[in-house]
Amino acid sequence: MKKGIAASKGYAIGQAIIKENREVSIVERRIENVQAEKERLDKAINNSRNQLVKIKEKAEKELGSDKAAVFESHIMLLDDPEFTGAVAMNIESNKVNAEKALSDVIEMYMGIFASMEDEYMRERAADVKDVGNRILANLAGNGADDLENLNENTIIVAHDLTPSDTAQLDRSKVVGFITNIGGRTSHSAIMARTLEIPAVVGLKDITENVKNGDTVIVDGEEGIVLINPDEATIAKYKEKKAAYEKEREELKKLINVKTVTKSGKHVEVAGNIGKPEDIHQVLENGGDGVGLFRTEFLYMDRDEMPSEEEQFEAYKYVAEKAEGRPIVIRTLDIGGDKKLPYLPLPEEMNPFLGYRAIRLCLDRKEIFKIQLRALLRASVFGNIKIMFPMISSLEEFLAAKDVLKECMNELRSEGKDFNENLEVGMMVEIPAAAVCADELAKHVDFFSIGTNDLIQYTLAADRMNEKVSYLYNPHHPAVLRLIKMTIDAAHKEGKWCGMCGEAAGDESMIPILVEYGLDEFSMSATSILKAKQIIMNN
Ligand code: PEP
Ligand code: MG
């Protein structure tokens with residue numbers, strides 16, 4: 001039995017598949033036998049080719065030949081003398097192991113491509129990295145599995161899953177996942193909750209304790225993983241799983257019930273979404289709307305920025321499906337643990353304190369404006385509200401609003417419609433914003449407290465780091481005071497205050513938040529019904 005951090009509720013029983021750590025750290029070795037090392041490389045290239053051919057065939061069948069073309073170019077890269085040829089030469093001339101020779105070549109290409117202006121060439125950088133990582137995984141002897149070809153009842157075992165890895169998981173096959181690193185509020189955990197896949201993270205060395213094909217139980221309630229349990233344990237967990245599913249079934253009675261606290265206050269219980277289609281799950285779970293649309297997921301898993309038109313369609317879709325319910329759409333929050341393959345950003349010592357979210361958007365206005373125009377245009381199709389992330393000062397909020405006004409003026413002169421009265425609010429997720437909430441409240445239409453970041457910045461405890469997860473505590477008095485200050489400040493100016501961090505769906509936090517007078521709770525769709533029940537009892 002292994003204990004980790006419960007990241008997504010529910011129970012899963014299935015067979016383990018180890019997902020290779022694609023970002024393996026490279027150890028340099030000097031080698032004597034050049035020929036043998038080149039043969040190792042050739043074998044890894046051949047294995048990579050076999051895998052890619054399979055993936056390409058599957059993609060052709062399921063996605064069409066245009067989508068499959070990328071794998072053809074990956075296969076061609078395997079035979080490219082400038083790439084794999086250069087690796088072999090590197091082994092020969094520097095007498096280093098294949099891993100080191102390959103990673104040097106990848107790095108060289110990444111350096112060259114990343115500095116190029118040309119979109120196409122930058123995409124090639126992502127291809128080289130992807131193919132290179134595949135060969136590296138095969139050199140390590142664990143490249144055969146891929147998230148694309150899975151059996152039913154699979155439990156993914158990984159060092160870590162990136163948010164986009166998680167977003168791609170096929171729910172009909174993957175019943176659970178477990179990882180070495182990560183915390184409850186890392187984005188892969190959040191995605192797992194959205195997908196309703198039970199998950200335990202922060203297990204430290206689970207990839208070393210589980211083998212492919214092992215039977216694994218994931219207990220997403222207690223944060224426990226059991227490896228090759230006996231029949232009696234499996235039977236016990238089957239019962240727990242059935243009871244859990246029954247409780248979920250019973251909570252469904254609350255789907256159409258208005259959420260009113262014991263003292264008679266009506267509060268909204270909304271859902272957090274990452275993709276437009278997630279709105280369905282929110283509505284099916286009785287959500288009063290969307291309290292956080294993390295739009296950065298629209299920018300992931302692709303080769304280029306989504307255009308204004310594409311974004312407009314996505315926002316319009318959500319607005320229409322919500323049928324008048326409020327939809328809070330947060331502008332791009334990239335950086336931190338969320339990266340875009342086609343937007344190379346400088347490596348930073350402290351990405352969570354760095355160039356991210358509104359900071360990046362105010363610096364790269366051309367990117368920001370595309371999104372704001374799309375949002376404004378979609379605002380006539382429903383009850384859209386715009387929210388800026390990572391605001392640390394009034395100046396920053398006003399600067400973001402200025403860009404929004406610029407977009408409004410442009411649209412007016414182009415004769416394009418938008419909702420002139422749309423609400424514009426901000427996330428309170430930096431302690432400075434909570435402390436200055438009284439000033440900010442005069443200028444915003446609403447606040448939404450982002451406890452995921454607020455806690456990590458207040459307590460100086462990385463939300464992704466399982467080693468300090470014991471410090472990461474929403475009940476810390478400093479965090480509670482900042483939350484209360486923010487709610488009070490909003491109310492003093494007659495504004496509403498919501499919360500879209502994970503604490504809003506935390507069963508132990510809800511009674512406190514009700515007492516503080518929080519107006520809106522936004523959370524993973526699967527937590528909505530339970531939260532409604534608790535709010536009504538408080
Ligand atoms: C937060 O920080 O609480 C939040 C909701 O934003 P994210 O988790 O996307 O950083
Ligand atoms: Mg945040």
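Including glycine, each Cβ sits where the backbone N, Cα and C put it.
ARG330 is the residue from ARG248, ARG330, ARG412 that TrEMBL records in the phosphoenolpyruvate site together with ARG294, ASN452, ASP453, ARG463.
Put simply, of the recorded positions HIS187, GLU429, CYS500, the one whose Cα is nearest the Cα of ARG463 (phosphoenolpyruvate binding site) is HIS187.
Residue pairs drawn from ARG294, ARG330, ASN452, ASP453, ARG463, the listed phosphoenolpyruvate binders, are separated by up to 20 Å at the Cα level. Listed as Cβ neighbours of the coiled coil (17-58) (distance under 8 Å, sequence separation of 6 or more from its ends, same chain) are residues 68, 71-72, 74-75, 78, 84, 87-88, 91-92, 95-103, 131, 133-140, 142-150, 154-161, 165, 207, 210-212. It is GLU429 that, of the binding-site residues GLU429, ASP453, has its Cβ surrounded by the most other Cβ atoms within 10 Å. With a CB cut-off of under 6 A applied against ligand 1, the recorded positions HIS187, ASN452, ASP453, ARG463, CYS500 are reduced to ASN452, ASP453, CYS500. Only ASN452, ASP453, of the binding-site residues ARG294, ASN452, ASP453, have a C-alpha within 10 angstroms of the C-alpha of GLU429 (Mg(2+) binding site). ASN452, ASP453 are the recorded positions among HIS187, ARG294, ARG330, ASN452, ASP453, CYS500 whose C-beta comes within less than 6 Å of an atom of ligand 2, given in sequence order. Listed in sequence order, the residues of the same chain lying 6 or more apart from CYS500 (active site, proton donor) and placing their CB within less than 8 Å of its CB are ASN272, GLY291, LEU292, VAL328, MET427, SER448, ILE449, GLY450, SER522, MET523.
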